[in-house]
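So Swiss-Prot lists these for the protein:
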{"type": "ACT_SITE", "residues": "90", "note": "active site, acyl-thioester intermediate"}
{"type": "ACT_SITE", "residues": "357", "note": "active site, proton acceptor"}
{"type": "ACT_SITE", "residues": "387", "note": "active site, proton acceptor"}
């Protein structure tokens, strides 16, 4: 069977909500890593790219109407290169890599770019049309995160718990204490700060150059969401606003962020022809559904499924990149998979609690980080997995080349 390989990848810094990248449209943001991949790989013939596949979770504003195609054109790729946008909410970026890998394995392509983008700062407010003439019953939604235009049948059958409420549900079900969550969040901040100061994160990043109305140029080189000075005392002092006697706080949850990432996925033959060096083989991918109110546990069945497909066990994984939507759900996943809370090979360079979680981009970031870390550790296998709103999980296994 034909195999699919990650040959290169790059991402923007992750911007804080309303921060350094908030002035950049989603389509312009996605164009940045696409353009950089061509610069980094001068032998690559862009005319040979079969498709560009990007994940994006919102698609209600400037990211509407197929942001992948628009970003492809804005990046200067040939008009002959097609682009498509997929939406599996938080899992969109990882799913994009899976789509690219399946195309190669099926013989439907040899060279693709896959990744994801999200500008949560620029997510618009939306309002539906009136149900009847002259109606005064209008409802407006903030599309940054969460439900909008809810189907009443969905609400009746499955509820409309917010993302923090689903994390509260997981914490209650599995008896995950506030203390354990805050300790996990602190480790995320500490590991991320160390990775940033040592230059590990810089290996993944292309700086974003911005010019304001006065012509002043600013170069954004680093992720800006992390808080390296965080202490356990500070985390313990934060309020839990989502439920009486709750445990979910701003400190043990991921951020609302902006960012984009893109990776080159190629067959072995095309990689050689284009002067590309395979770094990781995409072994297998799986998705799974869970109860929407417990969406944070989605990585558990998805991971078990992908391990079964690959004929591997969780103990074969040298690196695990688990998206930290919330400390509660990350801990729930680790415990259900039989892993310790502080496993050194799980998110060794921190995670979304510190880095942030630009929804459509995050899965691509996980794969990029995992492929780098496998080479640093001389490991063989990596697992990338994440929970998904409305009750899903996604998981992918990579093998170092």
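Here the Cβ of each residue, glycine as well, is placed from N, Cα and C on the backbone.
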Return one of helix, strand or coil for residue 90 (active site, acyl-thioester intermediate), based on DSSP.
helix
Rounded to an integer, what is the Cα-Cα distance in Å between the residue listed as 'active site, acyl-thioester intermediate' and residue 387 (active site, proton acceptor)?
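Between the alpha carbons of the residue listed as 'active site, acyl-thioester intermediate' and residue 387 (active site, proton acceptor) there are 7 Å.
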Round to the nearest Å and give the CA-to-CA distance linking residue 357 (active site, proton acceptor) with residue 387 (active site, proton acceptor).
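Rounded to a whole number, the Cα-Cα distance is 12 Å.
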Check residue 357 (active site, proton acceptor) against DSSP and tell me helix, strand or coil, would you?
coil
So, three-state DSSP: helix, strand or coil for residue 387 (active site, proton acceptor)?
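Assignment for residue 387 (active site, proton acceptor) reads strand.
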So if I measure Cβ to Cβ from residue 387 (active site, proton acceptor) and keep only same-chain residues at least 6 apart in sequence, which ones fall under 8 Å?
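Non-local contacts for residue 387 (active site, proton acceptor): 90, 295, 296, 297, 298, 299, 323, 325, 329, 333, 393.
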